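Asker: Grabbed the feature section from Swiss-Prot, which reads as follows:
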BINDING   11, 192  substrate binding site
BINDING   33, 62  Mg(2+) binding site
SITE      64  site 'Transition state stabilizer'
SITE      67  site 'Transition state stabilizer'
């Protein structure tokens, strides 16, 4: 089982704020996510600028595309994104359109599982050639005190068994990682737990050490 990668979510409102994080920890992570908040705040230039600074890193545009899949994904890929996200409630043709464009750029598409989705949809994504999903505990659910539970673990295992590469996100803390031991997680996303730490560098390194210990 390969080691899960570590992704930092830049849900900053400005590039200046995002740079404060990347200057510290870009070299400690595998994937740099231009979060939805930053995508809205700064547009695709955020993707272009971060990829220019860190060409050796995977840069994800968390656009959460809901419609106009080909147009919006092309905007992201032309800004040199490696991956883009499509929201789970989008029509299957939106996901297919985004994937068609991704292939032109040797990129990839992730389905963001935020909110309601079904296993029938999951099979449609697989049948369409989608290989990545993001299992997401929403920001608002976290604020309401919703913790990771057995239902989450069961769903993640089932997605993995279907052949998806699963990314896990949603207020992920270091102490949550053992919950997922034994599952071939593709990526763990940490946002505030790294960005807001007293030492973001050490927080990122602790995540990497824990991942190596649990999956090594």
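Each residue, glycine too, has its Cβ placed from N, Cα and C.
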Asker: With every protein chain in view, how many other Cβ atoms are within 10 Å of the Cβ of residue 64 (site 'Transition state stabilizer')?
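Answerer: The answer is 21.
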Asker: Determine the Cβ neighbour count for residue 192 (substrate binding site): the number of other Cβ atoms within 10 Å of its Cβ.
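Answerer: Step by step: centre on the Cβ of residue 192 (substrate binding site), count other Cβ atoms within 10 Å, giving 14.
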Asker: To see if you understand the setup: which same-chain residues, six or more apart in sequence, place their Cβ under 8 Å from that of residue 11 (substrate binding site)?
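Answerer: Set apart from residue 11 (substrate binding site) by at least 6 residues yet with Cβ under 8 Å, we have 35, 36, 37, 38, 191.
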Asker: Could you measure between residue 62 (Mg(2+) binding site) and residue 192 (substrate binding site) for me? Cα positions, answer in whole angstrom.
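Answerer: It is 16 Å, counting Cα to Cα.
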Asker: Between residue 64 (site 'Transition state stabilizer') and residue 33 (Mg(2+) binding site), how far is it from one CA atom to the other, in Å?
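Answerer: With distance taken Cα to Cα, residue 33 (Mg(2+) binding site) is 12 Å from residue 64 (site 'Transition state stabilizer').
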Asker: Within 10 Å of each Cβ, count the other Cβ atoms, then let me know which of the recorded positions 33, 67 comes out lowest.
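Answerer: The recorded positions 33, 67 were compared, and 67 has the fewest Cβ atoms within 10 Å.
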Asker: Whole-number answer please: how many Å between the C-alpha atoms of residue 33 (Mg(2+) binding site) and residue 67 (site 'Transition state stabilizer')?
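Answerer: It is 21 Å, counting Cα to Cα.
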Asker: Around the C-beta of residue 62 (Mg(2+) binding site), how many further C-beta atoms are within 10 angstroms, looking at every protein chain?
Answerer: 27
Asker: What Cα-Cα separation, expressed in whole Å, is found between residue 192 (substrate binding site) and residue 67 (site 'Transition state stabilizer')?
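Answerer: With the alpha carbons as reference points, the distance is 29 Å.
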